[in-house]
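As given in Swiss-Prot:
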ACT_SITE  Thr168  active site, nucleophile
BINDING   Arg196, Val197, Gly198, Asp199, Thr219, Gly220, His221, Gly222  substrate binding site
MOD_RES   Met1  N-acetylmethionine
Amino acid sequence: MNPVVVVHGGGASNISKDRKERVRQGILRAATVGYNILKQGGSAVDAVEGAVTVLEDDPDFNAGCGSVLNENGEVEMDASIMNGKDLSAGAVSAVRCIANPIKLARLVMDKTPHCFLTDQGAARFAAANGIPTIPGQQLVTERSRKRLEKEKLEKDAQKPDCQKNLGTVGAVALDCQGNLAYATSTGGIVNKMPGRVGDTPCVGSGGYADNDIGAVSTTGHGESILKVNLARLALFHVEQGKSLEEAANASLGHMKSKVKGVGGIIMVNKAGEWAVKWTSTSMPWAAAKDGKLHSGIDFGDTSIIDLS
C-alpha cells in the first residue's frame with residue numbers, strides 16, 4: 001500500500017500577501033513530516049499527529065502557539081484524533097497552557113477508556129502524563145491580539161461575517177498497512193465566549209476515520225459543522241457510492257444550503273485516493289503521495305514538486 005498524507009491549514013476569508021508564502025511553507029513542512037513518518041513505516045495515527053504538531057508549532061496557523069483569543073484575551077484550544085483501524089478516538093477541549101493539544105488528545109485515546117476530556121479534567125490528565133505546561137501568555141501572539149481588537153470593534157459595529165474566524169489545522173493519512181487516521185486542532189474562533197467548544201474535538205464533525213471507508217478532517221464555521229456532522233456526512237456519501245470529490249462537494253453544499261455555513265474538507269480513502277474541497281475563500285492544503293507533493297491555497301492555485 002502506497003502511503004498518503006493530506007493536510008490543511010484552515011478555511012479563510014483571505015490570507016494577506018505577506019503571510020501567504022509563510023503559510024504555504026508551513027503546510028509543505030507539515031505534509032513532508034507526515035509523509036516521512038509513513039515512508040519510514042510509521043502508522044497513520046503517528047503521521048497525522050506529527051503533521052498537526054508542526055502546524056500547532058507555527059504561529060501563522062490558528063492552533064497551538066498561533067491560536068486566536070477568547071473574549072477575555074485568553075487561549076483555549078480543542079483537538080481530536082481517531083484511528084480508523086478500531087475507531088478508537090481521543091479529544092480534548094478548552095485546554096490552556098499546553099503547546100500541543102493534539103499530543104494530549106492522542107494520550108486520551110491511548111491511555112484512557114474515554115474519548116473526550118475537557119478543561120480541568122484534561123489539565124490534570126496532562127500533568128499526570130508528563131505533558132509540559134507553559135505560561136498562557138506564551139501562546140498569545142501579537143497577531144492574535146490585533147485580531148481580537150479588530151473583532152471587538154466590528155462586533156460593536158454589528159458587521160457579522162460568516163467567513164471569518166474559520167482557522168483550524170488538520171491531517172488525514174493512509175499508512176503502508178492500509179490503516180487510516182485523522183487529526184484536527186484549533187484555537188477556535190476570535191472573541192468566543194470562554195468555554196465555547198466547536199466542531200474540532202467532536203468526532204463525526206471535526207473529523208472521522210474508518211478503515212472500511214476513509215478519513216476526513218474538516219474546517220470552517222464550527223457551529224455550522226456541528227449542526228450537520230460534516231465529517232461523517234462526507235463519509236456517508238462515500239458509502240453511498242460517490243467519489244471523494246462528489247462526497248465533499250455534496251456535504252459542503254448541504255451545510256451551505258441548510259445553515260449557510262462555509263468551510264473545507266480533506267479526505268483520503270482506503271484505496272489511497274484523496275481530495276480537497278472548500279467553500280471558504282481559500283484553504284491552504286498539501287498532499288503527499290508517490291514521491292510527489294501537491295499544494296495550494298486559492299481556487300486554481302495548485303503546484304506539484306518532487307519529494308527527494
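Just so you know, glycine gets a Cβ as well, placed from its N, Cα and C.
Not measured: the values here are computed from a predicted model.
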Remark   = The correct three-state DSSP answer for Gly222 (substrate binding site) is helix
Ask   = Between the binding-site residues Arg196, His221, where is the Cβ count within 10 Å the lowest?
value = Arg196
Rounded to the nearest Å - Cα separation of Val197 (substrate binding site) and the residue listed as 'active site, nucleophile' = 13
Remark   = Long-range Cβ list for Met1 (N-acetylmethionine), cut-off under 8 Å, min separation 6+ in sequence, same chain only, gives Leu174, Asp175, Cys176, Gln177, Gly178, Gly272
Ask   = Hey, how far is His221 (substrate binding site) from Thr168 (active site, nucleophile), Cα to Cα, in Å?
value = 10
Task = Between the Cα atoms of Thr219 (substrate binding site) and Thr168 (active site, nucleophile), find the distance and write it as a whole number of Å.
result = 6
Query = Cα distance, the residue listed as 'active site, nucleophile' to Gly222 (substrate binding site), nearest Å?
reply = 10
Query = From the Cα of Gly220 (substrate binding site) across to the Cα of the residue listed as 'active site, nucleophile', what is the distance in angstrom?
reply = 7
Request  = Have a look at the binding-site residues (Gly198, Gly220, Gly222) and report the one with the fewest Cβ neighbours inside 10 Å.
outcome  = Gly198
Ask   = Near Asp199 (substrate binding site), which residues of its chain come within a Cβ-Cβ distance under 8 Å, counting only those 6 or more away in sequence?
value = Ser205, Gly206, Thr218, Gly220, Gly222, Glu223, Ile225, Leu226, Leu230
Remark   = Expressed in angstrom and rounded to a whole number, the substrate site built from Arg196, Val197, Gly198, Asp199, Thr219, Gly220, His221, Gly222 spans a maximum Cα-Cα distance of 16
